[in-house]
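Database features (Swiss-Prot):
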type: BINDING; residues: 11-18, 65-69, 122-125; note: GTP binding site
type: LIPID; residues: Cys197; note: S-geranylgeranyl cysteine
type: MOD_RES; residues: Cys199; note: cysteine methyl ester
type: LIPID; residues: Cys199; note: S-geranylgeranyl cysteine
Amino acid sequence: MEATIKVVLLGDSSVGKTSIVTRLKSGKFLAKHAATIGAAFITKTIEVPSNDSSTEKRIHMEIWDTAGQERYKSLVPMYYRDANIALIVFELGDVSSLQCAKTWFQDLQDRAQGTQVIIVGNKYDLVCEEHSGEVTIPAELQGLPYVAVSAKTGYNFDTLNKIIISLVPESQFKTLSKNNEQGNILEINKKKSGSGCIC
């Protein structure tokens, strides 16, 4: 059984959206990449853990990485359409990007109320573990799923994948023939990547 979902990443420039997409896609980190113009699109299939070995379940994600630069913001709302899940990304330790996450959330709510939202604090590798717990989520975003990650080290991406899986309703899974099964499967139960905290 497989579900196909559209995932869109939102957030200001330089918070690490493209690095998150790269980590989701390939499990790698690229230190240098060009700024996203408009939007970029990739696909990824996640295998859903199940206690029933006779039933294989997968989630095929169509992931849209949107531009965060001011001059491209007018183009971003077109990618909200039919999005099942939005990852609203901010940079840990950057209060201004967290405040801007509220603006992204409000714009999404105005245009696509049915979209599920996950708040993602990126660049965990740049802050100490004890300081990462000091993040105060704005009232407008409280109650939404939240996860702190590091696209650089891979920290907590297993948790992010599990949250994504939890937001996909059972009714969205469809039975496919073997000829339609997708490759490129991510085993989310792999040992999480190690990460260190350098202060």
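Keep in mind that glycine also has a Cβ here, set from the backbone N, Cα and C atoms.
According to its DSSP assignment, Ser14 (GTP binding site) is coil.
Shown are the binding-site residues Ser14, Thr66; the one with the most C-beta atoms within 10 angstroms of its own C-beta is Thr66. Within 10 Å of the C-beta atom of Lys17 (GTP binding site) sit 27 other C-beta atoms, taking all shown protein chains into account. Around Tyr124 (GTP binding site), taking its Cβ as the centre, 22 other Cβ atoms fall within 10 Å, counting all chains.
According to its DSSP assignment, Thr66 (GTP binding site) is in a strand. With a 10 A radius on its CB, Gly11 (GTP binding site) counts 24 other CB atoms from all the protein chains.
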